[in-house]
Structures are given as structure tokens and as C-alpha cells.
Amino acid sequence: LSVSFFDQFMSTTYLGIPLIALALIFPTILYPTLTTRWLNNRLLTLQSAFINRFTHQLLLPLNVNGHKWAALLASLMLFLISLNMLGLLPYTFTPTAQLSLNLGFAVPLWLATVIIGMRNQPNHALGHLLPEGTPNLLIPMLIIIETISLFIRPLALGVRLTANLTAGHLLIQLISTAAFVLLPLMPAVAILTTTVLVLLTLLEVAVAMIQAYVFVLLLTLYLQENI
């Protein structure tokens, strides 16, 4: 039974087409499309307002040099939110519950921030590895610790997103299975369990959006350190 719970995180195929491929294509539908009309429709206006508001909030801690990343970060935010929300629908597959996909986003973007720091201000970037005023005996140890913490950052980004989504989906499946089993035995307890399931689903909707925002926000903080 425990194995079947994790089957929902497997990349299945339908009519010979991997569902992960369809899920990765799905967010492109949500991207705003250009129009030749003078006024945008309601959907495009709502999308533009959301993207502008999010981009404004995201770029507050960044200086002017970091504003070049606005399109990339906003696209990544929309991509992660749409994939996280897609996984809450029945008979769907959640690509962001796969650690390999999350690390595929985290490692290149984190490495890009490190390369930018090393290229533009190498002394300042290397200065993060050794705090000022460190005793001579602690210098080698602190350099090793700070280097390890630097390389753990992309792993933490990917694991955080994967763990939160995986835990939420497992809880939903466990509680829904319990409600289904208890319905003919104890209807009152089943109704209470179903209520908890509805509340948990609402919580997972919030987690899906918050985790996408946290992923991109941490990338902006890493970027700010290097620019």
C-alpha cells in the first residue's frame, strides 16, 4: 500500500506520450500573448497586472543591474506556480515533485549568480567565504564551511520545493483514502475527515503558490549578493 501512494509521483505515459512532457508545455498557455488591439481583453489585463505586481515586489531588494533578470524570474514564477497548481487536479502529474526537475532549475540559475559575482566583483564574492575579523586558527575551517554552504544552496532550493509538494500530496492521498474507508463504517468520522481534507486542499493551494514564490525569492537574494 505504501508503494501505491508514491505511484502518483511517477512519470506515466498516456497514448505513448509522457505526461511530464504535456505538463511542461501547459504553462505556455498562461503566458500573455501580444495583441494588435488598442485595449487588452480582461484575461490579458489580469495577467499583466499580476506579472507587473509580482515583478515589482520581486525586484525591490535588487539594484538596477539585477533588473535585467526580471523577464526570466517572472517567467520562472509563472512556470512553477502553474505546474504546482496543475498537480492538485485529479488525474494529473506533478513535475515539480521530481527532484531532478527542480535541481535542473536550481543549479543553472544559482551557478549563473555565482559566475556573475566572480566576473563582476571577484574580491567581494570571495569575501563571503571569510567573515571579517576571523581568528587565524579558524580561517581554514570557516572557508571550508562557507564553501560547503555555498554549494548546498541549489540542493536546498530543489529539496525544499520537492519535499513540500511531496508531503502535501501524500497527506491528501492518505486522508482521502481514510475518508473512503471510513465512509461505510463510521459516516460521522468520514464527514469530519472529508472536512479536514477540504481544508488541507486549500492549504496545499497556498503552499503551491508560496513555494514557487520562495524559490524565486531566494534566487533574487542570491543574485543580490553577487551584484
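A Cβ is built for glycine as well, from the same backbone N, Cα and C atoms used for every other residue.
Annotation comment: TrEMBL describes 12-34 (among others) as transmembrane segment.
The transmembrane segment feature in TrEMBL is assigned to 69-89 (among others). Proximity of distant same-chain residues to the transmembrane segment (69-89), defined by a Cβ-Cβ separation under 8 Å and at least 6 residues beyond the stretch ends, is recorded for 23-24, 26-27, 30-31, 51, 54-55, 58-59, 62, 95-97, 105, 109, 161, 165, 169, 201, 204-205, 207-209, 211-213, 215-216, 219-220, 223.
When Cβ-Cβ distances below 8 Å are used as the criterion, the transmembrane segment (101-118) is approached by residues 20, 76, 80, 95, 124-126, 150, 153-155, 157-159, 161-162, 215, 219, 222-223, 225-227 of the same chain, each at least six residues removed from its ends. Per TrEMBL, transmembrane segment is recorded for 101-118 (among others).
Residues or ranges marked as transmembrane segment by TrEMBL: 138-158 (among others).
Feature annotation from TrEMBL assigns transmembrane segment to 170-192 (among others).
Here TrEMBL flags 198-223 (among others) as transmembrane segment.
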